[in-house]
Amino acid sequence: IATVDCSDYPKPACSLDYMPLCGSDSKTYSNKCNFCNAVVDSNGTLTLSHFEKC
């Protein structure tokens, strides 16, 4: 199972780096920062499906 450490999030701004991750909501997040901010917003219900785009 792929995991991402989001313990130091949320962050107020994310870089534009493109390193896509696919969330359990079948949405592609452009990088770890955007994904982790979404995890925080979801109260931890969002998880990582896999690395790369969905």
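Keep in mind that glycine also has a Cβ here, set from the backbone N, Cα and C atoms.
It should be emphasised that the depicted structure is a prediction, and the values quoted were computed from it without experimental measurement.
Residues within less than 8 Å, Cβ to Cβ, of CYS36 (disulfide bond) and separated from it by at least 6 positions along the same chain comprise VAL4, CYS6, TYR9, PRO10, LYS11. Annotation note: CYS36 (disulfide bond) sits in a helical segment as assigned by DSSP. If you look up Swiss-Prot, you'll see CYS6-CYS36 (among others) marked as disulfide bond.
Sequence annotations record features per position, and here Swiss-Prot assigns disulfide bond to CYS14-CYS33 (among others). Sequence-distant contacts of CYS33 (disulfide bond), defined as residues of its own chain at least six apart whose C-beta falls under 8 angstroms from its C-beta, comprise TYR9, LYS11, CYS14, SER15.
Sequence annotations record features per position, and here Swiss-Prot assigns disulfide bond to CYS22-CYS54 (among others). In the three-state DSSP scheme, CYS54 (disulfide bond) falls into the coil class.
The annotation domain 'Kazal-like' is assigned in Swiss-Prot to 4-54 on the grounds of sequence analysis.
ASN43 (N-linked glycosylation site) falls within neither a helix nor a strand when secondary structure is assigned with DSSP, and so counts as coil. Taking a C-beta cut-off of under 8 Å and a sequence gap of six or more, ASN43 (N-linked glycosylation site) has no contacts in its own chain. Positions annotated as N-linked glycosylation site by Swiss-Prot: ASN43.
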